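Quick notes on the structure that follows.
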Amino acid sequence: MKRSKHRGHKEDRNGDEPAILETENLDRQGMFMGGGPDPDTISLASVTAVTTNVSNKRSKPDIKMEPSSGRPVDYQISVTVIEARQLVGLNMDPMVCVEIGEDKKYTSMKESTNCPYYNEYFVFDFHVPPDVMFDKILKISVIHSKNLLRSGTLVGTFKLDVGTIYSQPEHQFYHKWALLSDPDDITAGCKGYVKCDVAVVAKGDTIKTPHKANESDEDDIEGNLLLPEGVPAERQWARYYLKIYRAEGLPRMNTSIMANVKKAFIGENKDLVDPYVQVLFAGQKGKTSIQKSCYEPIWNEQIVFTEMFPPLCRRMKIQIRDSDKVNDVAIGTHFLDLRKISNDGDKGFLPTLGPAWVNMYGSTRTYTLMDEYQELNEGLGEGVSFRARLLISLGVEILDPSSPDITSSTEVQLEGVPNISETATGKVEEFFLFGSFLEATMVDRKIGDKPINFEVTIGYYGNEIDGVVQPKTKGKKGDGDEEETELIHNDSEEELEDDGDLTSVATTPPMKPVITDRNYFHLPYFERKPCIYIKSWWQDQRRRLYNANIIDNTADKLEDGLNDVQEIIKTEKTYPERRLRGVLEELSQGCRSFLSLANKDQNQSGRTKLDRERLKLCLAEVESIGQQAKAMRSQVKKSTVRDKIKLAQNFLTKLRFLAVEPQHSVPDVFIWMISNGKRIAYARVPSKDILFSSTDEERGKDCGKVKTIFLRIPGKKGFGPAGWTVQSKIEIYLWLGLNKQRKDYLSGLPNGFEENRLSKGPGLPMSPPISLTYMSKTIKQLYFIFKKFHMYQARSLFAADSTGLSDPFARVFFSTQSQVTEVLAETLCPTWDQLLVFENVELFGEASELRDDPPIIVIEIYDQDTVGKADFMGRTFAKPIVKMADEHYGPPRFPPQLEYYQIYRGNCTAGEMLAAFELLQIGPNGKADLPPIDGPTDMDRGPILPVPLGIRPVLSKYRIEVLFWGLRDLKRVNLAQVDRPRVDIECAGKGVQSALIPNYKKNPNFSTLVKWFEVDLPENELLHPPLNIRVVDCRAFGRYTLVGSNAVTSLRKFIYRGANKQANNYSTTGINYSHIDDDKDGKGKKKKRKKGDEMEEEELDESMLDWWSKYFASIETLTERPAVDSVERKKPKLDELKVQNSFLVVHDDTGGSVILKKRIKFKSIYIFVCSVFSNKVYAKELESEFDNFEDWLHSFNLFRGKGGDDDDQNVTDEDRVVGKFKGSLCMYKVSDDMSRDMSFDSNMGMFQNIPHNDPINILVRIYVIRATDLHPADINGKADPYIAIRLGKTEIKDKENYISKQLNPLFGKSFDVEVTFPMDSTLTVSIYDWDLVGTDDLIGETKLDLENRFYSKHRATCGVACNYAIHGYNVWRDPMKPTHILAKLCKDGKLDGPHYGPGGRVKVENRVFMAPTEIEDENGLKKQTDEHLALTVLNHWAEIPRVGCKLVPEHVETRPLLHPDKPGIEQGRIEMWVDMFPKDMTAPGPALDISPRKPKKFELRVIVWNTDEVVLEDDDIFTGEKSSDIFVRGWLKGQQEDKQDTDVHYHSITGEGNFNWRFVYPFDYLMAEEKIVISKKESMFAWDETEYKIPARLNLQVWDADHFSADDFLGAIELDLNRFPRGAKTAKQCTIEMVTNEAEMPMVSIFKQKRIKGWWPFVARNEEDEFELTGKVEAELHLLTGEEAEKSPAGEGRNEPEPLEKPNRPDTSLLWFLTPFKAIKHLVCTQYKWLAIKIVTALLLLAMLALFLYSMPGYMVKKMLGA
């Protein structure tokens, strides 16, 4: 069982499996694998520094300390149940139940419908580890007629696990149909479909709502099933057979007190464990029998699950448990990932496994009553010890539902299976594990100075507690000596078995630790290095591990190579493409070697089906990767490097997936540090990494190498800061192989040792050494140089003090020595500039080996505290560059270059360090040969040595100009308000202070805008130090308090690079951009339209168009609806359609316009005309489109307080923000020839033409359109939202207008607020939930920085519309007309223009634009105007040379709502926009009216004329004829309570019924959304009415009336009033096709046709679940508007007004009254003959009995009296 490690979300995007990353990678997880930052944003030197030129003797360490699986994370799962269709059953009342784990939520119940519409939203919140989350099962089930009294009947369910959802793109399924099946009857087929959205959000994920596709596409159920990519729509049922044979190596359970008690009573000591196996799969649970008192239980049973295939639940959880009277405990857990044991390709295979042993890991094997690591046995977190191994096999069989012998239920079954042969899992071989501890340093001082020893175990061998219970496996040894692995205790190191075979030594002798410095000890392993060795017996399945190793080694090389390429690109070195070609070449070679090696040992015993199939799969996959790599190599060019790296990353994930071997063989090796008998810390080494093979490629990457291992605290205690301190760093050499391959096991050790063995008698075989003595020393000197943030310097460190800063110093460990740098106070970016010298470091081994492979240097950074011990801030590793005594000290290797090293704190990056390290051998002449230490002479720093000149970077003079604008949102400091703040800027020791703000409350802006300072910075921009911004508050008596600080780590974006060379690339010729005919204002042209025009519709009326038409039109364009669509479907939206006189302008994505020059026929095309409606709808906030509006004014967050210790520090940082500094920076090299513009204002430096920062009054107008997907706030799963707005001192709460029980409320409101910048610049728009009692709850809020918008050159004050109109719904909102705006922009940008020319042209700079020049006013009079021309330029402002940029268009932005208590998890979204108008300009017009559309009143009249061919349900009691008493019922969807019935047509023998009956349905309808609006109280207790929007659908049903029993349902049809099949002319032409084959039928909409008459079929489902025709109805549908209905009313039924005539029904209905004899004869003689005879007989008997009872007493008296 491999160690699970949760991957950061970065990795998931690769589409590989998300939650679990097997650990071979742990050692390499250098950068990309962990939850580290994006590879592009981070300096990889850290990785490269440690990993390059690694020779074959030493393995890389793992930088990250903390195991990240098992740590709980916040998850939110949102499920929207939209509707259900095709539910199986007649006339049901369905509700949907959504269940995740234990949580259940129900929708409301819909009455008598097979296709209910719900649109209900549910949210589940969890705080659990990822593994637990992803194994939870989401179950969607439909229940029929559930109420308080009864639980309802299950129609069908659908299940999938949360991990499958999370691995989808965007972590969600959107508008997909879940297919329901019945778990109790697997032969039944589909039970219906539920349409839903499911999304899983972890902390920090953002959910994007995908574009809504065509509704017609979504109606295609089969094409939109809720299934992951690649799963077939038709899933079959399958049986999963999990055979469980036996287990061994179980740990001792409760051996302590209870055992002695039992022994006292019973007199014998039995094994005290009662194991059984429990398996969880797809929400079902199976168990084997319990084997009483047995450490080596044999079950030979199989558990059978029945589940769909492929299953949507990926993992099977297999657990050995100990049965106990009180509570059962888990002994060990194993997860089977079905994707790893199957393959869905063309040559794929069904899941199969084994028979194979699986190893289980968990807590330590010592039994304690309260096991603190019990969670590890449940499979949470990384196991710290071997627990047991279990022999299992898995097979899957696809069921054929038609075969008679299958049981139809999905209950889990348990069956017996025959025993399995000994050799089935492979031949048992003797393995030999050897280890040597070369060094143990950095032992945590907290452990105390008791003697320390190390224990190494492999499986259940080597564990001192288990000495006794070795598995008594047969055939281990011929002489039957089973106890030979009895463990020697540490003291008895010279104990021999009788037969003279070697024993195992699994622990090192205890040693007292020696002090290194104030934090760490080390163990004095100087010349004498202790060794351990263990013999163990396992099935020989090395081939599996070898294949995994070959793939892994290839993948390692690929990963290292890719890291190098990324590093080359990042540091802007030359020729990254050459390195990438080399990497791909290596990759294809690695693939070739796999193909040649993987097929060896074909006939080895114990190969399973999975081995064979996986081999085929790996061969095919690896071959294809090799070929692709080869092909790709030739295509790598400088321009394509980045794309090719992405492809190569995909190869990497694929190789990593293939390398994971699902069938285990040799268990992993555990190394424990034991202090005074107590287990302190452990490390786990996968056995495959140290497995020996004579072939290099197959050998484990750490086999026969010295590996640096950091020991960790086990279990939960290892999380968080406790787990970050190193418990111990050991250098260990490990070798594992077959005993017969032992000859080379010492060859990888550093040379120059002698072996010390246990003393043996003469003639006994050689045993392995118990320690090694190193004779020859190699003495070196280590230079350790700190340079700027390289111990010359560090940057972006962790804030460890409450001020938000730290007092950092670095501590360097090399071998057993350590040194520290000086402490620098109050900074996160220290520049130590210090050289540390380690003298006379003794290293053991051969000089040549040390040169290629020096030991690792560990650098830890601490925060000095005045009291208490220093806080740990992060750690990094490095390898020194080594110079031997005989080498020359000079280029290319010396002096070494400074490099950035990534600092880690737990799994999170915590800054970078710039340093260089060298290791110099002291030659025969002593130190005289060493290069001199020459630092800069100008500084005297006492004993502290500065960094030597050759290593320091080359510096040049830079000038840094700082724009001080103002401070915002400063919080209180130590409870006092900030009153007189000042900003200090510092970079590389130089700096500048801003002017003091005399009164922060009155005006938080600075009086002096620009200041500058000069500083010496490295030429290499990558080495630039950070710039520190600190805000202090000047208090009375000259005291200063630090308010907050910010470190700008990268200055690159602020470097000014001289005149912009690119400016000349713009084409200088004018281009005609938009040429649009003179009717740009887009009014409907009544006057010009001729009679013969092809528009059959009544002329569109301007008054019908409003702002919402425009909005819905924009939404349509956002969803990229195809222009040509079925016309019938779209007719109703004509109220939003306007066509211009002769051209149609459609804006394409590029911002240009396409002109379609033709008459538009409504029949053929449906297009929203952009020139009329165009509101750009942004699916995210406006800031993300326009780079946060930081084009010249930047916001720097100020931090204060300690950094968060959470995994994701970025989230906790939000709590540390204490305000914002607004300003900007500009840096440039100082040179003499700085060209100056004539109009250059020297006070402003590079910041020319920026506005003043004096206070300014502004009218802010906030438009809120709607909110979507709000988080439910009430118990009923809904919310009653209303808007609250906070800006400066103004607070508006729109509480009266809350919207009842709505999660997608339509607000349509605007608010005006008057404010003064800069005092009030942050606008907060919140959505609250109204509560009748108690305070209202915040659902979520969004904050906007209005000031940056106001001053931005993108002009975000008021969006630029797409066209100019002076009246109507599209009126120009800005008080400045386009011509004024353009003139101002040209003046500010010093542009030539605008020059308006004749013929509708305008010239700006050297571009010419064309547009119409006329405009119509309200009265239809034409006027000349230049506004269209100016507007055209504004819309294309981005193309103007030099100053052009995109102007903010008229828009709607969608902003996420967040809740402070749930950071990073979206609580819904809000659509809104903000206009700002300075008060010193003309006042703007009134606000746009965006109040929601009122639904329009309609009345639908349905006349049911006749029915035909209705199925005959009743047998006539009297005549035996089939007949039905027909009536028709109808209602509009959502208004079931308003259902209406016709009268009954009795005794129809032919299925014909005549009714002439009218139903009348008034309803409110929203044309734009095609929805009916219903307002009703949800229940009797509801406070107010809730508004529902549901599709307009008419339901008609035909019933058979019964007098005494319930009426029988015969059939139904549902007509979507917008799109239903045209009725057939006659009953004959009316077929079932009209329902089943809708796609081919001509469709009509009642909203266009107004009146339709025809025949429609009634259908119902038969037993086989198929539709059958159960009747036909002739009906007439007539739609009237509310006004029309009032003018010409009509009665219901056949009532006045406009009564319908009575139907002409035949009199047969009373026939049997006229022929009573016939009827009686029929009854008695045919139908009820036997019943009649029985009744007569019974009556006779009764009569006799009654007579007897009556006469008996009298008779007896007579007898007695003898009368």
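Using N, Cα and C of the backbone, Cβ positions are placed for all residues, glycine too.
Keep in mind that TrEMBL annotations are predicted by a computer and have not been checked by a curator.
Just so it is clear, the model here is predicted, and its values are computed rather than measured.
Annotation source TrEMBL lists region 'Disordered' at 1-25 (among others).
What TrEMBL lists as domain 'C2' is 57-178 (among others).
For the domain 'C2' (217-352), the predicted model reports an average pLDDT of 83. Positions annotated as domain 'C2' by TrEMBL: 217-352 (among others).
Residues or ranges marked as region 'Disordered' by TrEMBL: 470-509 (among others).
As annotated by TrEMBL, compositional bias 'Acidic residues' applies to 492-501.
Annotated domain 'C2' per TrEMBL: 764-894 (among others), in sequence order. The DSSP breakdown of the domain 'C2' (764-894) into helical (H, G, I), extended (E, B) and coil residues amounts to 6 helix, 62 strand, 63 coil.
The domain 'C2' annotation in TrEMBL covers 941-1066 (among others).
The feature region 'Disordered' is assigned by TrEMBL to 1077-1097 (among others).
Annotation comment: TrEMBL describes 1241-1359 (among others) as domain 'C2'.
Taken from TrEMBL, the feature domain 'C2' applies to 1480-1631 (among others).
The region 'Disordered' annotation in TrEMBL covers 1684-1703 (among others). Remote same-chain residues near the region 'Disordered' (1684-1703) are listed as 1497-1499, 1501, 1503, 1506, 1540, 1542-1543, 1545, 1554-1560, 1562 (criterion: CB distance under 8 Å, separation of at least six residues from the stretch ends).
Note on the transmembrane segment (1730-1750): residues 1724 of its chain, located 6 or more positions outside it, place their CB under 8 angstroms from a CB of the stretch. According to TrEMBL, the transmembrane segment annotation covers 1730-1750.
Of the Cβ pairs linking the domain 'C2' (1480-1631) with the domain 'C2' (764-894) and spaced 6 or more residues apart, fewer than 3 are under 8 Å, so the two regions do not touch. Among the recorded stretches 57-178, 217-352, 941-1066, 1241-1359, the one sharing the largest number of Cβ pairs closer than 8 Å with the domain 'C2' (764-894) is 941-1066. Counted with DSSP, the domain 'C2' (1241-1359) comes out as 12 helix, 53 strand, 54 coil.
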